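Asker: I am attaching a structure below and will ask some questions about it afterwards.
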């Protein structure tokens with residue numbers, strides 16, 4: 001009885017402290033969520049705009065294959081530094097960890113060769129597409145990767161989509177078709193060295209490779225306990241090697257004659273840095289945000305790219321483009337809605353059934369609510385680009 005009285009007496013203070021700590025953690029999590037989403041919006045839009053700007057500047061044009069290789073190198077070095085920090089700066093522990101993860105478990109490492117090849121191809125195709133399409137048109141058309149990812153998920157993972165998701169995919173395809181029809185009809189003046197047909201083929205191929213690589217990753221790495229930074233480091237190793245092979249095959253003679261960093265300007269280095277750390281940013285966003293907010297971020301990046309294209313490149317927005325872009329933005333939101341709604345419904349059901357199955361003794365403080373935090377980022381499965 002004395003123990004119970006003591007607990008009850010201490011109860012109000014304990015509850016207040018716990019509530020204060022929970023509220024502080026919730027507020028911090030909310031801030032991180034919106035900060036990460038804001039950064040993602042800026043990164044998505046700025047990457048497309050910066051590539052477009054760097055590829056259309058007068059003067060010497062840099063080699064896209066070298067930019068892809070440099071992005072992979074920087075991504076790998078960043079992941080190596082993060083792993084080094086996780087090992088508390090112990091070089092020996094890091095070396096043993098990498099030897100075990102990369103060489104001893106070489107089968108798992110080799111599994112990453114295929115998606116790395118696909119991502120290297122995808123990155124090169126993005127340069128081709130953006131060089132031949134307006135930034136806003138590319139940003140809208142590139143959302144076809146949602147459609148390709150969904151289709152590969154159904155075919156390779158036997159997933160089922162809701163009716164709303166199928167409807168949103170149809171809406172997405174319709175919006176992209178309208179935008180491409182507007183582009184083919186001559187939506188505004190374009191430079192003579194640009195080929196919209198080649199740009200469309202490149203962006204569609206990039207979307208197909210993105211969808212397949214993402215689903216392939218999920219299939220082979222599902223349940224893996226590997227660090228997300230380790231997976232990115234392994235990808236960076238393969239990406240660098242495969243990128244160098246592609247460089248030698250496509251532009252080897254020109255690079256040997258003019259140099260690896262030919263045409264590099266501060267704008268080009270900005271593109272390389274943006275592309276290198278963009279994939280790592282996705283991990284942070286997935287950790288703190290949900291599908292609905294990511295859909296909003298994608299939609300906002302389309303709007304931001306369009307507005308910036310009007311100011312920077314003289315892009316002309318006619319009613320046909322506005323209609324297509326609006327359909328794509330709506331489709332992105334609708335496709336992300338069912339998953340978030342399902343999670344919310346499941347959480348609400350669990351909360352509603354909780355008191356019936358686990359009654360709290362009178363006078364005892366309620367158990368702390370489960371955090372919405374996704375866990376330690378270092379132990380989550382790899383997050384595709």
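A Cβ is built for glycine as well, from the same backbone N, Cα and C atoms used for every other residue.
Got these off TrEMBL a minute ago, pasting:
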- 34-55: transmembrane segment (TRANSMEM)
- 61-84: transmembrane segment (TRANSMEM)
- 166-185: transmembrane segment (TRANSMEM)
- 197-217: transmembrane segment (TRANSMEM)
- 229-249: transmembrane segment (TRANSMEM)
- 261-286: transmembrane segment (TRANSMEM)
- 293-314: transmembrane segment (TRANSMEM)
- 320-337: transmembrane segment (TRANSMEM)
- 351-385: region 'Disordered' (REGION)
Asker: Please give the sequence-distant neighbours of the transmembrane segment (229-249): residues at least 6 beyond its ends with Cβ less than 8 Å from one of its Cβ atoms.
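Answerer: Residues 63, 65-66, 68-69, 72-73, 75-77, 79-80, 82-83, 86, 101-102, 109, 112-113, 115-117, 119-121, 124, 221, 255, 279-280, 378, 382 contact the transmembrane segment (229-249) from elsewhere in the chain.
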Asker: Between the transmembrane segment (320-337) and the transmembrane segment (166-185), do 3 or more CB pairs sit under 8 angstroms, pairs being 6 or more residues apart?
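Answerer: Answer yes, regions in contact.
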Asker: Kindly say whether the transmembrane segment (34-55) and the transmembrane segment (320-337) touch, using the definition of 3 or more Cβ pairs under 8 Å where each pair is 6 or more positions apart.
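Answerer: Result for the transmembrane segment (34-55) with the transmembrane segment (320-337) is no.
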Asker: Given a Cβ distance threshold of under 8 angstroms, which distant residues of the chain, six or more beyond its ends, lie next to the transmembrane segment (197-217)?
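Answerer: Residues packing against the transmembrane segment (197-217) from afar: 114-115, 118-119, 121-122, 125-126, 128-133, 138, 141-142, 144-145, 147-153, 156-157, 180, 183, 382, 384-385.
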